[in-house]
Amino acid sequence: MFSFFRRKKKQETPAPEEAQIQETVAKVESEVAQIVENIKEDAESLAESVKGQVESAVETVSGAVEQVKETVAEMLSEAEEAAEKAAEQVEAAKEAVAETVGEAVGQVQEAVATTEEHKLGWAARLKQGLTKSRDKMAKSLAGVFGGGQIDEDLYEELETVLITSDMDMEATEYLMKDVRDRVSLKGLKDGNELRGALKEALYDLIKPLEKPLVLPETKEPFVIMLAGINGAGKTTSIGKLAKYFQAQGKSVLLAAGDTFRAAAREQLQAWGERNNVTVISQTTGDSAAVCFDAVQAAKARGIDIVLADTAGRLPTQLHLMEEIKKVKRVLQKAMPDAPHEIIVVLDANIGQNAVNQVKAFDDALGLTGLIVTKLDGTAKGGILAALASDRPVPVRYIGVGEGIDDLRPFDARAFVDALLD
């Protein structure tokens, strides 16, 4: 019996190989468990990391969204402010434009009113300036226009009045024929109706002289050469012309070409200072050289107008007439088409002798215009009629006073009205 139990106990004891296997299995199970544990830990760590990254990404995206929202909100706010400012600027611009237009309209209206006042002022000065001529003619014509029938005796009286007013024979004959034709055409009978006929006849005669000087639009200087006898008023006329052109927005330069008289140079320099205009002069040298230098200076400085004075001379002084021809030639060398205007200044006091002067200077230089001065100091207003009939060179300007504004473009209608009204 004891032996039976001993055998059984011997059978339950594992064999060495089996024990080794079990040990290996246990070891493997332990390692597997460890691996599983490690994997589990790694998985949990990875999950935590991914979760953190996801949460960070979500947070970043949320922040970006908020930033975009804020940026968009700021942009919208700025856009609204810009729109409001733009609207305010548009309104301000509208108001400014309206104000500017209003001011411009006011300035235009003021300029028109000033122009009308100026016209009236000039008409009054012209009428006052022609007082001596008008009074003489009015006194002489009183008997003609005083009534009575129009007959040959009346025509003879009218003819005498015209001749004594320095309307030479040619002009007088033209006017008498024109008046007779108007009387016949209109069936005029009474002597007081002759005034209207004479006014229209005189206007038609001198109207061709009314050709105002028109300055071309050019970048080159416009050169005006002035000539005449001593005492005609050349230098004074140049000073007044400078002021006149300045009022038109033109820049002016003066050439003191009267080198024979120191007083003429000083007088022109005084006008230059008065008008704030540059004067080109030389203490020595001839007139042509001064005028040449003046044109060169004007070209270099971009001046609009050059007014070139020359020495006074009588048409009978042949050597001086040759000298003034030289001035013209030298000006042509300074500028190929200069002088653009050649003007003779006439003293109205010399009466019909003015026609001879115009003919002489015209033959020598080829005149383009006249300035008739001192009409306020003479009773010889008929000089323009004589010029119109004998040598109709355009009368650019007339002077009826000592004032700086008393030199103005010739207006035939205004002249006739001032002379005969």
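A Cβ is built for glycine as well, from the same backbone N, Cα and C atoms used for every other residue.
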Which listed span Swiss-Prot calls region 'Disordered', if the choices are 1-22, 265-286: 1-22
Give me the long-range Cβ neighbours of GLY231 (GTP binding site): same chain, 6+ apart, Cβ under 8 Å, in sequence order. GLY312, ASP347
Within a 10 Å radius of its Cβ, which of these binding-site residues (LYS234, ARG313) has the fewest neighbouring Cβ atoms? ARG313
Assigned conformation of THR310 (GTP binding site) - DSSP reduced to three states: coil
